[in-house]
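Pulled from TrEMBL:
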COMPBIAS  21-33  compositional bias 'Gly residues'
COMPBIAS  400-414  compositional bias 'Basic residues'
COMPBIAS  427-437  compositional bias 'Low complexity'
COMPBIAS  467-502  compositional bias 'Low complexity'
REGION    1-41  region 'Disordered'
REGION    386-510  region 'Disordered'
TRANSMEM  43-67  transmembrane segment
TRANSMEM  74-94  transmembrane segment
TRANSMEM  106-125  transmembrane segment
TRANSMEM  190-220  transmembrane segment
TRANSMEM  260-277  transmembrane segment
TRANSMEM  284-312  transmembrane segment
TRANSMEM  318-338  transmembrane segment
TRANSMEM  350-383  transmembrane segment
Amino acid sequence: MTTEPAVEPVRQSGEPPGEARGTGGAGSTGGTGGPPPPPAGPAWTTLVTLLNVLAAAGVAWLAWWVLSHFARTLTLLGLAGVLAFLLEPAVSFLERGMRSRALAALLLYLAFVALLALGVVYLAGPIKEQAQELFWAVPQYRQQVEQAVPLLQTYMEALQAYLSRYGVSLEPRDLASQFLERVAGNTNRILAGVTAVVTGVGTTLANALLVLVISIYLVVDGGGLNRQMLGYLPRRYRGPVRRAQAVALRVFGGYLRGQLLLGLIIGVAVGIGMSALGMPYPALLGVIAGVMELVPIVGAVLGAIPAILVALFQPWPAVLYVTLFFVVVQQVEGNVLVPRITGQAVGLHPLATLLALLAGYEIAGILGAILAVPVVAFVQALLREFNPPDPDDPADRAGSRRRGTRARRQHRRQGGPPASTPPAPPAGTGTPGTRPGNAPPAEPEGAAGPEETGRAPGGPSPGPGPGSSAGSGPAPRSGSEAGSGSAAGAAGSAPAAGSGPRIVITRRPA
């Protein structure tokens with residue numbers, strides 16, 4: 001019986017024994033304790049990505065379906081939530097003295113309804129009269145436009161004769177007819193809107209009553225409802241949900257209160273300014289400017305357009321004065337009011353704000369444009385809350401200085417390394433834990449720290465060692481020396497001139 005010689009597996013140069021190819025050593029995939037299997041291939045990664053995209057699309061479709069089928073209910077609930085959120089601080093303040101949240105909410109809502117009724121009585125009349133005057137003045141304005149069209153055509157023909165030298169054609173013949181058709185179309189649209197408003201007064205009152213009732217429930221028992229909803233969640237999800245609620249209160253609260261206050265200030269300022277300039281319809285123009293101020297970025301411009309259009313039909317200096325007035329108002333608003341009232345509540349890039357504004361207007365009109373910006377700001381703040389920026393990442397450092405400082409502080413609190421190493425102090429002024437050179441600095445007598453004695457702060461003092469020296473390690477102290485607080489020199493060191501031993505500071509290696 002013949003036996004075949006054992007074939008030793010081939011081992012590459014530099015490969016340690018036991019990891020040769022074809023063996024079951026520690027380095028092979030077939031043996032126990034080997035490295036994990038290779039990562040999944042590109043096909044599996046593509047499949048997972050496709051499934052994630054499909055899941056996100058399904059969630060988006062479900063959200064769109066809910067919004068489209070329950071738009072009215074969600075709108076009423078949102079308005080009730082906004083009203084409850086605005087009145088909640090006042091209810092909490094009254095509750096401290098009354099000891100009853102329901103009674104405080106009832107009194108506050110009665111005062112709110114009374115104030116709203118007084119505002120409707122004293123402001124609705126003048127605003128209605130001025131709106132009717134403006135509506136009946138539209139034909140007169142149209143006639144003035146028709147009279148100005150020939151003069152405009154003369155100017156346009158002269159401009160055409162000048163530009164024809166350079167090959168530019170304007171064709172101003174159909175300008176007047178197109179403009180008048182648009183004016184007539186807008187007039188019909190205004191009439192249709194007024195009719196719809198008159199016929200929908202009952203529905204509006206019913207919706208307002210529902211908003212008041214829902215907001216009262218939210219103010220009185222909003223905390224209990226929140227706790228009940230959190231109780232349905234698993235315990236591990238309650239903390240993140242509370243953090244998300246805190247972010248929502250901060251973002252939506254700062255934005256809504258700030259925008260409402262800005263709208264009130266701008267509306268009152270425009271009404272007073274238009275009255276001082278002798279413009280017609282000052283109350284109506286002030287209300288329009290205040291409501292348009294709720295729309296971010298473009299609200300100030302939209303509020304100025306009606307006043308400037310009305311000023312065009314007044315004597316010549318009026319339009320110049322009105323334009324200058326709105327320029328001053330917008331400068332004060334953008335540079336003084338907005339930074340102090342809204343502050344950093346939103347913190348969105350202007351382009352992101354504009355895109356959110358357009359998307360919200362496409363979805364829900366003016367109300368969507370007003371609420372789109374805080375919704376996007378809430379999503380951004382939520383991402384920052386659960387994914388804090390890394391101060392060492394250049395992309396995160398590109399943000400604002402305040403956000404970067406806040407992230408670095410949080411990074412240090414979590415025990416991470418500092419973002420930058422402070423410069424070394426000059427020789428002789430070193431602090432414990434730093435070495436400003438090869439030679440350690442000297443300290444005054446009696447100030448021996450834990451590094452001098454070779455013990456931790458507050459720990460026991462080791463006994464003196466017989467073989468210690470000045471250059472080999474820390475000088476130990478006896479128990480009596482530790483109790484009295486006197487500093488002991490290293491063994492073999494010469495005493496300094498004067499009274500007391502010389503202190504030699506030694507530091508343990510890092």
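Using the three backbone atoms N, Cα and C, a Cβ is placed for every residue, glycine included.
Because TrEMBL annotations are produced automatically, they should be read as predictions rather than curated entries.
Note on the transmembrane segment (318-338): residues 258, 262, 265-266, 269-270, 273-274, 277-279, 293, 300-301, 304, 307-308, 311-312 of its chain, located 6 or more positions outside it, place their CB under 8 angstroms from a CB of the stretch. Counting Cβ pairs closer than 8 Å and at least 6 residues apart in sequence, the transmembrane segment (106-125) and the transmembrane segment (260-277) reach fewer than three and form no contact. Highlighted: of the candidate stretches 43-67, 284-312, 350-383, 284-312 has the greatest count of Cβ pairs under 8 Å to the transmembrane segment (260-277). For the transmembrane segment (43-67), the list of distant contacts is 74, 363: same-chain residues at least six beyond its ends, Cβ to Cβ under 8 Å.
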